[in-house]
Amino acid sequence: MACSTFSKPLKDKINPWGPLIILGILIRAGVSVQHDSPHKVFNVTWRVTNLMTGQTANATSLLGTMTDAFPKLYFDLCDLVGDYWDDPEPDIGDGCRTPGGRRRTRLYDFYVCPGHTVPIGCGGPGEGYCGKWGCETTGQAYWKPSSSWDLISLKRGNTPKDQGPCYDSSVSSDIKGATPGGRCNPLVLEFTDAGKKASWDGPKVWGLRLYRSTGTDPVTRFSLTRRVLNIGPRVPIGPNPVIIDQLPPSRPVQIMLPRPPQPPPPGAASIVPETAPPSQQPGTGDRLLNLVDGAYQALNLTSPDKTQECWLCLVAEPPYYEGVAVLGTYSNHTSAPTNCSVASQHKLTLSEVTGQGLCIGTVPKTHQALCNTTLKTNKGSYYLVAPAGTTWACNTGLTPCLSATVLNRTTDYCVLVELWPRVTYHPPSYVYSQFEKSYRHKREPVSLTLALLLGGLTMGGIAAGVGTGTTALVATQQFQQLHAAVQDDLKEVEKSITNLEKSLTSLSEVVLQNRRGLDLLFLKEGGLCAALKEECCFYADHTGLVRDSMAKLRERLTQRQKLFESSQGWFEGLFNRSPWFTTLISTIMGPLIILLLILLFGPCILNRLVQFVKDRISVVQALVLTQQYHQLKPLEYEPQ
């Protein structure tokens, strides 16, 4: 009898899988800051996917924290095998397509090898990451494969091997012991201690093989993915009701560059411009790169382990920003601050707000899921200013401060939110999967947004710093850079809307001018409407409302900038005004401190060293002198 290619006594079964060199984004690490409560509850979904067929073997959802939402997952071995094996063997059959194939599959042991961390020589996807013995970390076999570092353990369920004929109850309902779908190979997946501590930012892959005494062990692969969602719904807050009808941005039209000006003919007088050209404003590409760079700086400060190797991608379709409702302590002012105006109410709508935070005013039932605490304003004339790094998302628009008088007289409501750009985070496994050879099914990438990774960081950091004196750790240059990038992008949005309003006004003037010309041409017939025998249409100019909203928007952006600058100390402002100052100080601070210590303690240490050497030399000299001379014995005189 021929020996099995994948039998237990053999060691190296195949040549090692050649390494695949992939260029990732290697990023330096920063300082870690705890940014989320460990008691926060999420909607966690675990999904087991057969990578050979793309079918879902198990999808389990539960409510829990990030430290205890690790349930047992139950599914069938045939959900991972499918109807056919890649390399069918005569005694295995085609797979789980027939009752006989399902029954024969149940007779064999199986072992599992990890694909998320592949040891040297364990092969690739084609071998199920089991290129040699010792790569298996779990399974159901006579040698009891196990591991102390793998993330899961996969064993057979409670059904004994000799129970059930593996018939499908929907086809053969009269046969005793038939099960739905003919499932007779139950498996139980449990998380190990290492798996409960691991980062599940992306899908993890394993290979499973049936152990046979002869022939080749058949292979299948499966992935395990965790999806985390906030319990609260994603609802819009703002005055714009047409949010769900947004379309992705159209492709940009190619702009023809103007030809360079021809040099003037000889003898012609050259014209010198009187004014200098205006300073170049940052373009769209620069602003988008600033957003991504600011997102990286903030993420690197809070979670340096996630930025060792990753992809940060800016979402190219609306919504471009999302809000995270937070709890915070606002400031109460009896008079209007200089950076806050009660009358200005611009019309920026935040289309996605998640989480639960502080609400003020009359909150409708559709938005009460966003409220952890709802406050009613007392009567009086005072102003509520949002903390640094946050803003009020109201049904009238985004604003840095509120008027209690306006809230008491109206049914308006506001939610305290943090504003985050829509930047998605992709782990290294997503990049590697793009270069792997696809056999049948391409894995769906799992992405996390910046709001999910950093949501609540501003208020959480401030709350933690009140008792520990570490509030300054949150107000760092990284978060200020992200805040400045968001403000610059909002200013460009305001400019774009203003330019659109001007274009619409110009177009309406052209249309009205054409209308007057046509009325003159058809004057004998009584005008254009009489000639067409239609009702006359008149132009209603609403661009004034847009112009007023844009003026208020510019005013509010200026106020937010003043509020941001007023919250900074003189020391932080010094670093912001001189960006090179940070690099200079960090470069020369170490050598300066070492030089200062040498100047302070160097003379004392040198004197001690010289005195010690002198003492040792004196002792040595004394020893040398004593060795050259010896004491004479006293002479005894005889009496005469």
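The backbone N, Cα and C atoms fix where each Cβ goes, and this holds for glycine too.
Feature annotation from Swiss-Prot assigns topological domain 'Extracellular' to 33-584.
Look at CYS113 (disulfide bond): DSSP puts it in a strand. CYS113 (disulfide bond) has a Cβ environment of 30 other Cβ atoms inside 10 Å. The feature disulfide bond is assigned by Swiss-Prot to CYS113-CYS130 (among others), with similarity to another entry given as support.
Taking a C-beta cut-off of under 8 Å and a sequence gap of six or more, CYS135 (disulfide bond) has these contacts in its own chain: CYS113, PRO119, GLY121, CYS122, GLY123, TYR129. Annotation comment: Swiss-Prot describes CYS122-CYS135 (among others) as disulfide bond.
Summarising the annotation, Swiss-Prot assigns disulfide bond to CYS310-CYS313 (among others). All protein chains included, CYS310 (disulfide bond) registers 22 other Cβ atoms within 10 Å of its own Cβ.
Among the features that Swiss-Prot reports, region 'Fusion peptide' is placed at 446-466.
Marked as coiled coil by Swiss-Prot on the basis of sequence analysis: 477-511. Restricting the average to the coiled coil (477-511) gives a pLDDT of 72.
Taken from Swiss-Prot, the feature disulfide bond applies to CYS529-CYS536 (among others). DSSP gives CYS529 (disulfide bond) a helix state.
Take the CB of CYS604 (S-palmitoyl cysteine) and look out to 10 A: across all protein chains shown you find 9 other CB atoms. If you look up Swiss-Prot, you'll see CYS604 marked as S-palmitoyl cysteine.
Among the recorded positions CYS130, CYS529, CYS536, CYS604, the residue whose Cα lies closest in space to that of CYS310 (disulfide bond) is CYS130. The two recorded residues CYS536 (disulfide bond) and CYS604 (S-palmitoyl cysteine) have their Cα atoms spaced 100 Å from each other. By neighbour count, meaning other C-beta atoms within 10 Å, the densest spot among the disulfide-bonded residues CYS122, CYS130, CYS536 is CYS130. Here CYS313 (disulfide bond) is positioned 54 angstrom away from CYS529 (disulfide bond), judged by their C-alpha atoms.
Using a 10 Å Cβ-Cβ cutoff, CYS529 (disulfide bond) registers 16 neighbours. Around CYS313 (disulfide bond), a 10 Å sphere centred on its CB holds 13 further CB atoms from the protein chains shown. Looking at CYS130 (disulfide bond) and CYS604 (S-palmitoyl cysteine), their Cα atoms lie 66 Å from each other.
Cα-Cα distance from CYS313 (disulfide bond) to CYS604 (S-palmitoyl cysteine): 58 Å (rounded to the nearest whole number). DSSP gives CYS135 (disulfide bond) a coil state; it is part of no helix or strand.
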